[in-house]
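Asker: Got a structure here, written out as structure tokens. Questions coming.
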């Protein structure tokens with residue numbers, strides 16, 4: 001069976017894709033929506049796809065970034081939470097980096113690709129840790145989306161989220177177990193060649209490797 005993977009270049013979608021390699025013939029898609037990290041995300045998604053031996057397509061969604069509403073696309077200081085376990089603080093961080101309707105748009109486009117290519121599934125990297133502050137990463141969102149697809153697709157395309165019940169630590173452990181080269185993943189909001197080390201995404205990445213006790217191949221500026 002074929003599947004479409006929404007591959008951002010980050011480790012969550014990378015591990016989700018790697019975990020599904022034995023089950024599906026995968027075609028990865030990556031979006032350029034005007035985010036600061038677009039150049040790096042596209043590069044790493046392409047390199048990882050080459051490593052995995054899967055097809056990869058880049059899609060231009062510049063209009064989504066032009067809507068504004070996020071420091072990832074409209075400029076401004078990228079927030080750096082002082083405590084990743086402080087839900088209130090991380091909720092405020094999430095509001096600043098939230099891109100309006102991003103997962104709705106990405107997943108819907110993935111479904112369109114799946115229907116057009118006779119693929120039965122769309123693979124996403126939604127996870128338990130991010131679901132605490134991003135509701136469009138939650139199991140509730142997944143279940144609701146799949147209920148919608150029962151009506152909105154002809155052949156019953158499903159969204160598959162293999163890491164949705166995992167923390168970042170567990171994602172690193174799962175990726176390590178299947179031999180995923182984490183050096184071919186990129187997580188930083190800032191978009192520089194070297195990870196900044198202080199945005200929330202970098203902080204969660206670094207902590208995940210530390211908690212897992214697995215060597216982190218990432219170079220951080222701070």
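In case you wondered, yes, glycine gets a Cβ from its N, Cα and C as well.
These numbers come from a predicted model, not from an experiment.
The feature ATP binding site is assigned by Swiss-Prot to 7, 8, 9, 10, 11, 12, 13, 14, 15, 16, 17. Per Swiss-Prot, Zn(2+) binding site is recorded for 188, 196, 199, 202.
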Asker: In Å, rounded, how far does the Cα of residue 9 (ATP binding site) sit from the Cα of residue 188 (Zn(2+) binding site)?
Answerer: 10
Asker: Go through 11, 202, our binding-site residues, and report the one whose Cβ sees the most other Cβ atoms within 10 Å.
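Answerer: Output for this query is 11.
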Asker: Rank the binding-site residues 15, 188, 196, 199 by the number of other Cβ atoms within 10 Å of each Cβ and report the first-ranked residue.
Answerer: 15
Asker: Show which residues of the chain containing residue 7 (ATP binding site), separated from it by at least 6 in sequence, have their CB under 8 Å from its CB.
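Answerer: Non-local contacts for residue 7 (ATP binding site): 13, 14, 17, 28, 29, 30, 45, 48, 49, 56.
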Asker: How many Å lie between the Cα of residue 196 (Zn(2+) binding site) and the Cα of residue 15 (ATP binding site)?
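Answerer: Residue 196 (Zn(2+) binding site) and residue 15 (ATP binding site) have their Cα atoms 22 Å apart.
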